[in-house]
Amino acid sequence: MQKTVYYTSVLFLRCVCVIYLFAFLSLYVQIPGLNGLNGILPARSELDSAKIGKQATLLDKLKAKPTLLWLAPDIGLNTEYAMELIALVGAAISFLAFVFRTLCTAPVFAALWILYQSLFQVNPVFLGFQWDILLLEVGFLSIVIAPLWSTRYRKADPTTSIRFWLVRWLIFRLMFSSGVVKLTSGCPTWWDLTALDVHFESQCIPTPLAWYAHHLPSWFLHLSTLGAHFIECIVPLFFFIPIRPVQYTAFYLQILLQVSIILTGNYSFFNLLTIVLCISLVDDHFFLYKEPKKPKAKSSFMSLLGVLVCIALYGGAIYITGVMFGFKLGPDNTPQFKAAFNQQHLKEVLTWFVPLTMVYGFTSLTFLAASEFFGVLRKNVGFFTKVFQLGRVVYVSLVVVSLFAISLVPYSLIRPRSRSEPPILTALEPIYAQTYKYHISSGYGLFRRMTGIDGRPEVIIEGSNSMEGPWKEFEFKYKPGDVSRRLPMVAPHQPRLDWQMWFAALSTYHDNPWIMSLAYRLLTGQPEVLKLLAQNDSFSKPPKYLRASLYTYRYTPWEKSSAWWTRKKESEYFPMFSATHKPLLEYLQKLNLVNVKDWPLKNQYLVTILDSIRAIFQATDPVVSIWGVGFAAFAIMVSLFSPWKGAEMPPTSTTLQPPVPNTTASDEMSKVPMNAGSSVGVSAYLIAPFFMVLAVIFASILVFLIIRKRRLDELRHTLMPMYNFDPADEGDQDWEQELLESVQERMPYQHQLNIKVEI
């Protein structure tokens, strides 16, 4: 059966919309504290660093810093509100494109890519993660893969499989590079297979299951590390073998790895995005149920042959992997390993093997393009139609080859550079340099070296009103702090400040200027920044002094269940500061992080709308908000539409089948496939009400919170003038309590309880 990817490509595009939705919403809820005018790293400072003249044109500004934020003054907004608007527009477009499949077009994905690129360009610290870069590359490929106007395929498009091949090449580069760099880095934990002994404890934000995984037997963790090497280094080589059992097995193994990571670590939308890329390893046959036909001898033989080839390939690969890592059973019948090769051997092999994989990928692409080209030649269509389709195949093939060629430059960096580099790579380097800042293609290599071998370092920030103490800790929402606090589940939301605190603990504060800005914002009690942290009841007012210490955290032993962590103070991280500390202020002013001047707010109508939306999202936990919007989109999509509606599979046979005599209606219905005669399967109708209920509950909660906030605002503005209440900071979250105390001082006791209940 000829492989088609019409349904598969539609599913891929809709899933990319979901990832965009998660990414935009996750960033949106953090913009004021991270990049607002009074945030840790104001985005306006990043625009000012572009070093352009006052008379620079819009084109000059876009060349220096390609972001839509340059248009903020034209719509009467400052940088912070413009970032919020961009994030909300991106979330709205991705929401609609996921729900309505006809919106999954090239212009829509171009808009999403430009919007995310605009946020990425002004946030190099908090948006500099590999999954942000990966999303930009996936987003650009989605522009190429998506149709220009509509996804309503009515007949086979010979270029779809060629364009969709780029996704398979990307997942190959991502997985193979991530596996190779673990070994080329020379990290001893990856070579002796002890990486997982420390990974579950040392990763940025572990999940509750990570604590249990950490206490699994050592031999199992070592075997799992070897399995990760196998899935990342060996299995990707099977991605381009055109045998369904081989590719399907590779798909399942990749999904197994990603689900394992999701269960034990909070890595934002990265693992979900990787799973979306894995869709390219399967075809329409994988997703669509078809009425099985009576097997022919030839097709049965080919199916059996495919299974045998699959068993032979994976069996041989497993055997070779075991030999390379010296697998044997110890005296207690537990697996033992010792690598039979070293880093120098690996580098020598990669010198010629990486270029070989480039040829391997190009051969796969050439074979696919040639197959589609000759497929068009064999079609029984008109002359001009055939010429047009052949022209499209040639044109699309050239575009795909160009993108493939650009990707070779970052991909080649996983091997040692030789004195005689291939001429094609030398010629492509200037082209790649021109496109680098747009991240059309990038290099990848996650978990290159394992950190926290002797315990995970953590920066603990403390505040006090006296230089002599007592010192009280600032608690973050998600990163380890209180040793008794439960480990969180936050993905696909990424608390970017918590993540950067993990990186800061691996170096010094001199290497992380942003942490000095964080310290200053905590000293001044900036509400936008405080909302990024947990509710700290220890500080009713900003402390006068701040300091940070470096601790080492370890999981508690298995037999101790009263806490998740044990910790030990190691050293001072940064010295004591105050808000009036002159060197601190001079340092922040030099970096243009305080007293930042921005464009004036002129569009008060739009500002009011953005403030109202902000109030809605601040009323709920970010994780709940993100999942709530995601569930709502899925519920609407499943209830109203089928994921495959309009994407009709080309018929495999044009032979008309005669009716079967003496067949009752019930017999006929029993023979109809689940998806026949209806665009929505039975399972969709079963799960749709469940998700609709979730969506209604979520919407009801939001409406309740909006009404409550409005009532509180009305009460606040009514009673404040009446009782001469003038809070020091109207952004203070404790204004209700302060107002209550002010009211009670001026009222008889018998009326105080009523006011308290009302507030």
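Cβ coordinates are placed from backbone N, Cα and C, and glycine is handled just like the others.
Per TrEMBL, the features are as follows:
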{"type": "DOMAIN", "residues": "128-287", "note": "domain 'Lipase maturation factor 1/2 N-terminal'"}
{"type": "DOMAIN", "residues": "441-575", "note": "domain 'Lipase maturation factor 1/2 C-terminal'"}
{"type": "TRANSMEM", "residues": "6-29", "note": "transmembrane segment"}
{"type": "TRANSMEM", "residues": "85-116", "note": "transmembrane segment"}
{"type": "TRANSMEM", "residues": "128-149", "note": "transmembrane segment"}
{"type": "TRANSMEM", "residues": "170-191", "note": "transmembrane segment"}
{"type": "TRANSMEM", "residues": "219-243", "note": "transmembrane segment"}
{"type": "TRANSMEM", "residues": "255-282", "note": "transmembrane segment"}
{"type": "TRANSMEM", "residues": "302-329", "note": "transmembrane segment"}
{"type": "TRANSMEM", "residues": "349-374", "note": "transmembrane segment"}
{"type": "TRANSMEM", "residues": "394-414", "note": "transmembrane segment"}
{"type": "TRANSMEM", "residues": "623-644", "note": "transmembrane segment"}
{"type": "TRANSMEM", "residues": "682-707", "note": "transmembrane segment"}
State the residues, same chain only, that lie 6 or more residues beyond the ends of the transmembrane segment (255-282) and have a CB under 8 A from a CB inside it; answer 'none' if no residue qualifies.
8, 11-12, 15-16, 18-19, 22-23, 26, 129-131, 134-135, 138, 164-165, 167-168, 170-171, 174, 200, 203-207, 209-210, 213, 228, 231-232, 239, 247-248, 478, 488-494
Please give the sequence-distant neighbours of the transmembrane segment (85-116): residues at least 6 beyond its ends with Cβ less than 8 Å from one of its Cβ atoms.
10, 13-14, 16-18, 20-21, 23-25, 27-28, 31, 68-69, 75, 77, 135-136, 139-140, 142-144, 146-152, 606, 610, 613, 629, 633-634, 636-637, 640-641, 643, 645-647
Which sequence-distant residues neighbour the transmembrane segment (219-243)? Criterion: at least 6 residues beyond either end, Cβ under 8 Å.
3, 168, 171-172, 175-176, 178-180, 182-183, 190, 193-197, 249-250, 253-254, 256-257, 281, 306, 309-310, 313-314, 317-318, 320-321, 325, 327, 334-337, 357, 360-361, 364, 367
Counting only residues 6 or more past its boundaries, what in the same chain has a CB within less than 8 Å of a CB in the transmembrane segment (6-29)?
84, 87-88, 90-91, 93-95, 97-98, 101, 104, 109, 112, 115-116, 119, 127, 132, 135, 138-139, 142, 145-146, 151, 153, 156-157, 160, 163-164, 167, 268-269, 272-273, 276, 279-280, 282-284, 286-288, 492-494, 496, 617-618, 622, 625-626, 629-630, 633, 643-644, 647, 649
Same-chain residues at least 6 beyond the ends of the transmembrane segment (302-329) whose Cβ lies under 8 Å from its Cβ atoms:
193, 226, 229-230, 234-235, 238, 241, 243-246, 249, 295, 335-341
Secondary structure tally of the domain 'Lipase maturation factor 1/2 C-terminal' (441-575) (DSSP, helix then strand then coil):
28 helix, 35 strand, 72 coil
